[in-house]
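Per TrEMBL, these features apply:
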- B:33-51: transmembrane segment (TRANSMEM)
- B:58-77: transmembrane segment (TRANSMEM)
- B:97-116: transmembrane segment (TRANSMEM)
- B:123-146: transmembrane segment (TRANSMEM)
- B:169-189: transmembrane segment (TRANSMEM)
- B:210-237: transmembrane segment (TRANSMEM)
- B:243-263: transmembrane segment (TRANSMEM)
- B:270-289: transmembrane segment (TRANSMEM)
- B:295-317: transmembrane segment (TRANSMEM)
Amino acid sequence: MSEPVLEIHDLRKSFGALKATDGVSLELRPGQIHALIGPNGAGKSTLIHQIAGSLKADSGTIRFLGRDIGGLDMAARARLGLARSFQISSLAQEFSALRNVMLAVQARQGSSFRFFRQVTDDKTLTEPAMAMLERVGLATRAHVPAAELSHGERRQLEIAIALALSPRAFLFDEPMAGMGPEGSKRLTSFLDELRHQAPMLLVEHDMDAVFALADRVSVLVYGRIIASGTVDEIRSDPDVRRAYLGETA
Amino acid sequence: MSRETTVNLLLALLLLGAPLVAAGMGEPFYVTLATRVVVLALAAVGLNLALGLGGLLSFGHAAFFGLGGYVAGILATHAFNAEPLFADIPGTTSMPLIWMTAVAVAGLVALPIGAISLRTSGVYFIMITLAFAQMIYYFAISWPAYGGEDGLSLSMRNAFPGVNTAKPLPYFLICYAALMGALLLFRIIEGSRFGSALQAARQNGTRLAAVGIAPFSIRLVAFAASAMITGFAGALYADLNRFVGPSMLSWHMSGELIVLIILGGKGRLFGPVAGAMIFVFFEYVLGGITERWQFFLGLILLGIVLFARGGLLGLLCGKPRHV
């Protein structure tokens with residue numbers, strides 16, 4: 001089997017006495033969707049923050065494309081090809097949807113220290129950005145400021161931005177949160193396609209989506225991975241049933 | 001043409017037309033008053049780059065304004081006394097040379113100040129930029145070689161090739177051209193990749209970092225560029241008054257520049273211009289009626305902050321929109 005794209009080993013992070021990440025190890029391999037599930041407060045978002053670089057781990061290693069990225073800041077990790085979405089949409093609110101995606105295209109192309117050419121006439125920015133918005137079905141809303149988009153549209157925009165980075169791995173933190181059943185269904189099939197572009201670490205509460213998408217599932221409870229395996233293995237794991245899935249499984 | 005463009009054009013024409021008329025009527029005082037508007041506006045265009053586009057509330061831009069002024073004063077004094085500056089380097093009374101030096105000095109000083117200040121944000125950033133500016137202020141006061149507390153007087157205005165700068169109108173036109181150039185530069189930067197990143201850093205620094213652009217370096221370059229424009233304005237201000245003193249470096253000056261931007265419209269191209277026009281107008285009109293004119297300016301500022309966040313341009317043209 002091919003080398004893992006993302007490899008996390010014995011990651012630890014405490015906030016005072018609270019062990020938010022308590023010796024987590026996991027791997028993300030090419031073509032995979034690896035879902036991370038667990039009850040609220042299990043430390044899923046904290047883990048995503050540490051991988052993306054917005055929080056620093058206390059100890060442990062994070063290897064991405066064979067390289068230890070523990071010492072890099074968020075921007076450097078993004079440049080290496082780690083694209084994340086945020087649990088709560090995080091956008092440049094005054095910019096239109098298109099300008100938000102153009103920013104990612106610009107970052108992907110390299111230097112932002114260009115002071116003269118106007119971005120709005122720059123087809124090398126506008127065209128790829130528009131193509132990404134089309135892919136997520138947001139093309140008709142391209143010129144609407146991010147602040148005026150609906151909740152679901154903002155989730156789509158986050159994904160368009162991640163796509164525009166042509167990343168080597170996606171980190172998605174609850175992309176379905178707050179979307180209606182129709183939206184979730186569409187997004188599920190979209191993410192299903194996306195795995196061919198780059199593997200994905202997916203934090204998600206929507207179990208239908210997780211079970212439909214995931215190649216592997218890891219269950220995080222109180223900062224520890226209590227089980228990791230295929231969807232079927234996780235569904236039948238007694239610990240998981242007790243800790244998390246409970247009556248719904 | 002959008003409404004904002006129309007308003008901007010009218011402001012630019014008014015600012016050019018009024019002193020031309022005044023000069024025609026033999027009222028040089030008003031030409032000098034208009035030059036004051038133009039130079040303060042230029043200083044505020046510089047700050048607007050950091051504050052308006054980048055959201056960096058620098059409370060220390062007087063440092064760069066004053067540095068520009070002192071560059072003009074020091075170079076001119078050395079040239080006048082025929083004393084070399086260091087070793088063999090002479091002073092100069094050539095405005096273009098003085099401007100280039102002022103811009104370079106302001107930029108070089110802004111880099112370390114920015115590199116340290118930008119590690120903080122919010123109220124700490126405000127305080128640390130203030131602290132740096134006050135350090136330079138006290139240094140100027142305690143340095144007797146260049147006048148200390150009394151400042152430096154320029155015996156005559158510096159020279160610009162082919163222009164009689166001693167006359168108010170030609171000097172106004174030089175400053176006006178500099179302001180228009182700076183506004184053009186501001187507009188170009190605003191629409192560039194760098195400007196996009198800078199505005200995104202203001203709106204959401206985490207988002208910018210998440211796409212792989214480090215906000216720190218973007219902000220640092222913006223801070224230095226902003227200081228350079230303000231430093232340029234400082235050199236023009238010294239020549240306007242034929243005087244440079246520590247008051248140009250004091251925190252009142254930093255505050256005044258912020259007030260100009262709030263009055264006119266933060267982040268708007270012509271915000272500093274509108275702000276400087278209002279400010280100098282009230283300074284002159286209210287100042288003629290009462291010594292306490294700043295009390296009334298305070299009331300106006302209060303009104304704007306409470307009821308018209310976008311300043312005068314926000315009131316006239318509504319919210320800015322990014323396509």
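Including glycine, each Cβ sits where the backbone N, Cα and C put it.
Automated prediction, rather than curation, is the source of TrEMBL annotations.
By the Cβ criterion (under 8 Å, sequence separation of 6 or more), the transmembrane segment (B:58-77) is not in contact with the transmembrane segment (B:270-289), since fewer than 3 such pairs are found. With Cβ pairs under 8 Å as the measure, the transmembrane segment (B:169-189) is packed most heavily against B:33-51, out of B:33-51, B:97-116, B:270-289.
Contacts between the transmembrane segment (B:123-146) and the transmembrane segment (B:270-289): absent, as fewer than 3 C-beta pairs lie under 8 angstroms at sequence separation of six or more. Between the transmembrane segment (B:97-116) and the transmembrane segment (B:210-237) there are at least 3 Cβ pairs closer than 8 Å, counting only pairs 6 or more residues apart in sequence, which means the two stretches are in contact. Below 8 angstroms of C-beta separation, residues 15, 18-19, 22, 57-58, 61, 64-65, 168, 171-172, 175-176, 178-179, 182-183, 186, 189, 222-223, 225-234, 236-237, 240, 256-258, 260-261, 264, 266-268, 271-273, 275-277, 279-280, 284 of the same chain, each at least six residues beyond the ends of the transmembrane segment (B:33-51), sit close to that stretch.
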